[in-house]
């Protein structure tokens, strides 16, 4: 039996003269969109996580570069390129861990440098490129979903899959990476249930992953982060699939804080642990995960729920947004080009990369 995917979600949409973003800070209580017309506003949207998830940030940043190009007033080519590079620097400073952000900005800068003709022609090409980046990401995610489906355990026929954070349509241009595998498995009749870690402190699993599953009528069970090991011990989980914000050349993978703990639990219970991510998430210039910059966010994410403090005064805080899962804990990395052992990605995938 197969199922269909209903209510597709597209978090970054071009509307003729502005970008519409699904405001992910308001989900699941409220579905609303934010109109972005200036590059500075796009940078703020990325920083405040109105848009989040490495691929979605990349698409948003590409549109931010186009919007920034329209704000440049000079007719001098060198001056235009210099100001556009400044727009890129502002966007890059928003989220240091997500490599797709840097990839998209650099691609837009390269297009601007290589496009001949008047400034208006460069701007037109930048818009076309941003749209291509978004369309390519949807196709990429669907390929990731299909490749992921092909390596899921054959037994049981209908699997229970655990995921951490949100690597779904909301985190990409559409369809998702880890949830792309979920969608493909659901459509193929191979999925019984998703187990979603709540993902403290921002609760992307509780707020966003469950919301996506509910939209498409995919059975989903929410658990707190500390329950993952227990669920594995009780044989409730068959496979783990997560996303990534940056993957080093050796296969070490940075993802939302808590992913490393899930990987250790999966290893202890002999469960396959897959990372699903596009080629643009792999940083071939980074030898290993030790060099991945880890964003630290405001401590209020830890000590407040809503506007209520949950701990006494005098407590100190540490709030890294990501951790790095060592390659040896990863069963395979699912990309649009296939599924690869972490140690093979440099040899088998580096020739695919493009600026």
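Cβ coordinates are placed from backbone N, Cα and C, and glycine is handled just like the others.
Pulled from Swiss-Prot:
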type: ACT_SITE; residues: 245; note: active site, proton donor
type: BINDING; residues: 52, 53, 54, 95, 204, 255, 256; note: substrate binding site
type: SITE; residues: 165; note: site 'Transition state stabilizer'
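Structural mapping of features recorded in Swiss-Prot.
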| residue | record | Cβ contacts under 8 Å, 6 or more apart |
| --- | --- | --- |
| 52 | substrate binding site | 24, 46, 170, 171, 204 |
| 53 | substrate binding site | 11, 166, 167, 168, 170, 171, 172, 243 |
| 54 | substrate binding site | 98, 99, 100, 101, 171, 243, 244, 245, 246, 277, 281 |
| 95 | substrate binding site | 46, 47, 57, 101, 295 |
| 165 | site 'Transition state stabilizer' | 197, 199, 204, 205, 209, 242, 243, 255, 256, 258, 259 |
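In this record, substrate is bound by 52, 53, 54, 95, 204, 255, 256; the longest C-alpha to C-alpha distance in that set is 16 Å. Highlighted in sequence order, 57, 98, 165, 166, 167, 171, 243, 245, 321, 322 have their Cβ within 8 Å of the centre of the Cβ atoms of 52, 53, 54, 95, 204, 255, 256, the residues recorded for substrate, and are not part of that set. For the recorded site, residue 204 (substrate binding site), the DSSP three-state label reads helix. Taking every protein chain shown into account, 204, 245, 255, 256 are the recorded positions, and of these the Cβ with the most other Cβ atoms within 10 Å belongs to 245.
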